[in-house]
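**Q** For reference, the structure I am asking about is given below.
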Amino acid sequence: STITTSSTTSSSTSSSTTSSTSSSSTTSSTTSSSSTSSSTTSSTTTSTTSSTTTTSSTTTSSTSSSTTSFLDPCMSNGSRWNTTGITILSSPTVERFTGMFFDSQDTLYIADQTNNVVWKLLKNTATPNVVVGTLGSSGASATTLYYPQSVYVDSNKTLYVSDNYNHRIQKYINESTNGITMAGITNSSGATLNQLKLPRCLTFDSTDTYMYVADSGNHRIMCYPSNSTSGDNGTIVAGGKGSGIANTQLYTPWGIFYDETISEYMYITNSGAHTVMKWLPGASNGTVIAGVPGLNGSNATLLNSPRDIKLDAYLNIYVADYGNNRTQLFCRNNSNGITIAGYGAPGNASTTLGGPRGIAFDSSMNMYVSEFDAYRVQKFLTL
């Protein structure tokens, strides 16, 4: 397969330099389905363009924090995104990109389900590199993955991957390519507290102390200490009462966002029920905040198999609405969605989405969407 990448590097100078904190940028956390893996050889084609805008003599540079002021997009003067995307990773037939994650240096990590690897794309570069997994080869060893879904990098640069078909979570320390199973039992699916079944998205709390996993096949959210190892028991913190649409149940949970510094709730895409729920960790029931349980559709109040989910510092919610080929914004305490990327019809044009699976934001709040059915990752610039 061939991965074609392009990036647009933009530097700007302004009369004053501002640095945002968590109050003005989204917090990161970061999905997918199965397809047949095959052995492939990958080559990379790259192109880079850069532009510079000068407004005065004081230079603003971007590091791990945002250098632009992100205004609440749900306010009349708020920030929004260009609806025309820029393709930064693409392949015509093979790569099925799923979950994504930005670290504090704006390095982008992308799970590639079909090639059974995780790609790493440094800031202001156009060529990705494989960091874990064996390209084009599935397996259950320490160096292989089988349908990776989600990726997370903690403050110590330890990388975590939800290894879907191996029913485990892999941890990679000090840039090692040998994974350590920290949750689940390799190649053993089940519903006991020390097992996982088809895990999808994962995230951590703000201190990287506890990991939260969408245990999709068991219709529950599991929590593990960060020092857990294979076979250790996890704790059910949501669901676990079979699949269903009652407020005590989850139905194929997929995406999960949790950052207790901005909200005490976990936010979960309940893919099989076509809803988004918020849930206090350990509570017996949650609350539907978007979508209608058991009903899929394409109007502003409905979702169709939602996948990834993110929140910004204003508690606005962003959902990869997979079945509707769009990204939806739900303003705080509002169940009417606003389409901010795609428009329902699938496609590979720059204004369409093809099966969006993952959502991520860089430090400038540019939005990135991985498209499972269009074999690409698109970037939507903030306006």
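The backbone N, Cα and C atoms fix where each Cβ goes, and this holds for glycine too.
Okay, so TrEMBL annotates it like this:
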REGION    1-70  region 'Disordered'
COMPBIAS  1-69  compositional bias 'Low complexity'
REPEAT    132-175  repeat 'NHL'
**Q** Let me know the model's mean pLDDT on the repeat 'NHL' (132-175).
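**A** Overall, the repeat 'NHL' (132-175) comes to a mean pLDDT of 98.
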**Q** Of the residues in the repeat 'NHL' (132-175), how many are helix, strand and coil by DSSP?
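**A** Counting residues per DSSP class in the repeat 'NHL' (132-175), I get 3 helix, 22 strand, 19 coil.
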